[in-house]
Amino acid sequence: MRFRSLISLLFLLFFTSSAYARFVSLNPSSTSLISDGIDGGSNLAGSGSVIKSVVSAPAEEKEEACEQTYGFMPCTKTALGNVFLILVYGFLMFTAATYLSAGSELLLEILGPGIVGGLFLPMLGALPDAMLIMVSGLSGDAATAQSQVSVGMGLLAGSTVMLLTVIWGTCTVVGKCDLRDSIAVNNQDTKGFHLKDSGVTVDIWTSYAARIMAISVIPFVIVQLPQMLGSTSGRQLSVLIALILSVLMLISYCVYQVFQPWIQRRRLAFAKHKHVISGILRHLKQHALGRLLDDEGQPDEHVIRKLFLTIDANNDGHLSAAELKALIIGISFEDIDFDKDDAVGKVLQDFDKTLDEQVDQEEFVRGIKQWLIQAMGGAPSGPEAGPRTMKFLDNFHVQTKREHALLGDNENGENDEEGGEVADPKWITIKAALLLLLGAAIAAAFADPLVDTVNNFSAATGIPSFFISFIALPLATNSSEAVSAIIFASRKKIRTASLTFSELCGGVTMNNILCLSVFLAIVYVRGLTWNFSSEVLVILIVCLVMGGFASFRTTYPLWTCFIAYLLYPFSLGLVYILDYWFGWS
């Protein structure tokens, strides 16, 4: 049904064209009628003159005709007509983004993450924005491109600001859960809109994504340096340097995305191993009555040797893999799921220095001492650090549990990204390819008409095209991503919240490097003037505020949504004041 509606809309658009008319007066006294010299009031003579006046329309009215994109797309000079066309073209761009998103998800089901998830999906997500930015600077001669390129900058700034303010704040509100020990409790939302005791928690990878997003604004700073220094020379050079850097950052980001699943698995395996260490030490503490440390705060070898004897079930002086596995199975790890055999292998790797697949008493003592020193970390040592300071083991346990949770391990084997085994890979691949091609074709076909319509609406209303593209165009190109992010966040889990905010940071990062690369390439190749100081300042402020905030914390209390929401009107007001009060543009 949706596809038929799209075809019908395209059909109407293609067979619609602009039309112009003149008001014709039949009043014989009209000055537009030419007398025949016999009867000035003759209706017949007047009618003949009317025909002549209609046939020979004035030249200035012909010049007022709007220019049709591609020579056949509809256009109009009226404000309401352009509003209608903006809605139509915006819907088509939204449809293109939806098709690209659906095709990307299907492709991800077939090929999995890695190259597809790290290389193609981020680029496909930014494709509609990149198309609009590209056509805004390629239309007409250099003077026309210079006047239209503000549409591309408005879209670039508007998309970044909308994702990090309105969408970010909304995801915080719909995804909030109760906070316990500064960590959100999955699927528990009993405290309503309490500003401090409810919020969302994300994994550590979201913090990394936020840091990358903050770093991605460096090309903006470089291209803005000549204006900051008050220099008129070197502007083209700064554009070229920023272009090269943004392309290099794009390549680096894609490589990082490709290898991130492998990095994440390594980090998660290390966190699980630390959790096993914590569990074994707490278990030994209980059996040693809390005397793992002597009066000097050092590991007590005598107690550790006694513990070895209690674990050595067959009294052969060695701990085999089976005995270590029995020890691990007997310890409660609070629903942390991990491979017991893998855990035994890592314990052997820490203890077994002779590589004989078993642990003797000396190796056990040496290994436990190293674990205790690792767990003590910054705990006090010396005479005052006796058995009473064994609380450091509990602190170490809390720390390892938190690290494990923040690394985003799937609870109970759950995976929110995978829907199971694909039934018909061949058909899914064909469907994904068709959706991607259709989405790319729609975006390419209607990007130019949308830019022209925005400029026509700006001319008809006197509203700067930047503000129109800043507010309206991101709604068209990012609506699909925004809706899916909000729906995903509403599942109220740490994992889904992490994926949601990581996607928001990733989308902004692609805007800052991919879309900016396209924009800078157009400015450099066509020799356009870079004059977007206020817009760059807004992007820097929003990215650094939200990126800095998300870089150093993994829990967002509900009150933080107000910061995000307030940044949107602040950004609009700042651009207006700088451009029209201080004349920055």
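Glycine too: its Cβ is placed from the backbone N, Cα and C atoms.
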Per Swiss-Prot, the N-linked glycosylation site among Asn478, Asn531 is Asn478
Among 106-126, 127-147, Swiss-Prot lists transmembrane segment at 106-126
Quick one: Cα separation, Asp356 (Ca(2+) 2 binding site) versus His318 (Ca(2+) 1 binding site), in Å? 10
Whether the transmembrane segment (427-447) meets the transmembrane segment (83-103): three or more C-beta pairs under 8 angstroms: yes
Site with most surrounding Cβ atoms, counting all protein chains shown within 10 Å, from the binding-site residues Asp316, Glu323: Glu323
Reduce the DSSP letter at His318 (Ca(2+) 1 binding site) to three states and note it down. strand
One should report the C-alpha separation between Asp352 (Ca(2+) 2 binding site) and His318 (Ca(2+) 1 binding site), rounded to whole angstrom, as 11
Sort out the sequence-distant neighbours of Asn314 (Ca(2+) 1 binding site) for me: same chain, 6+ apart, CB within less than 8 Å of its CB, listed by position. Glu323
In the same chain, outside Asp352, Asp356, Gln358, Glu363, whose C-beta lies within 8 angstroms of the Cβ mean position for the Ca(2+) 2 site? His318, Leu319, Leu348, Phe351, Lys353, Thr354, Leu355, Glu357, Val359, Asp360
